[in-house]
Amino acid sequence: MSSSGFKFTLLVPLIVACLMASSARNFHNDFDITWGDGRGKIVNNGEVLTLSLDKASGSGFQSKNEYLFGKIDMQLKLVPGNSAGTVTAYYLSSKGSTWDEIDFEFLGNLSGDPYILHTNVFSQGKGNREQQFYLWFDPTADFHTYSILWNPQRIIFSVDGTPIREFKNMESFGVPFPKNQPMRIYSSLWNADDWATRGGLVKTDWTQAPFTASYRNFNADACVWSNGASSCKSNASPSSALTNSAWFSQEMDSAKQQRLKWVQKNYMIYNYCNDAKRFPQGLPPECNMS
């Protein structure tokens, strides 16, 4: 090989590495820390965001952009050790009295006891669609990816690529579905020891403070809503910007459906659709359709 060829083979990986680095998401560009008086921090040149909670205050952040449909990924490492009483919330939400919302909430617990992953879907201000899960790993030992796929047909909650919940569009049966209100991404770490752990029986141990949750590798393959218009639509062809966006019409294949059943059989600990006592007038209509 000539010296020029040798130099070229060395240069190509370097160029690729530089391109990958330049395309990495930066929390400074995508999010604003909105409360916490310095307890929320963006560190490592924008690659990591941390939220902290002490007895005086928690902290939180929100996305600069609003989204109307998309696939949202975030890696989280939750509060380690005795996290009883703490809640780490990570969700999409619109504003107003008839808001839409898609929730992940992580309910802390005593050391050695599992976190509870709490999910909910609000449409037009109505929620009460809770499903809760244990996880099949320690979410405090390392980062794991928590994803929301939101398209006009369905919402899929996933953990490390494994679906844990699907909420389908069943408007034809009178069930409102989030599809008209753009939503921001929010996250917060806060004290909820009046209800979070064993119904409020276990209180936050402030001698363990500050409590810290960490975030990295945010990605949004999504339609950004700005000035009353979606980035996914053009006047010439409303669907032209979506031809390469598989998520916009994505559904679960048979393998994903089997993984979903595995999670719900082995790790689901609460499902509102099985709580007949809570709904004496009858279960919500979507419970009879799934």
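Any Cβ shown, glycine's included, is placed from N, Cα and C.
TrEMBL labels come from automatic prediction, so no person has curated them.
Per TrEMBL, the features are:
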- 1-24: signal peptide (SIGNAL)
- 21-215: domain 'GH16' (DOMAIN)
- E101: active site, nucleophile (ACT_SITE)
- E105: active site, proton donor (ACT_SITE)
- N109: N-linked glycosylation site (CARBOHYD)
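This view paints the features noted in TrEMBL onto the structure.
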residue : record                      : CB count, 10 Å
E101    : active site, nucleophile    : 18
E105    : active site, proton donor   : 19
N109    : N-linked glycosylation site : 19
E101 (active site, nucleophile) versus N109 (N-linked glycosylation site) - Cα distance in angstrom: 25
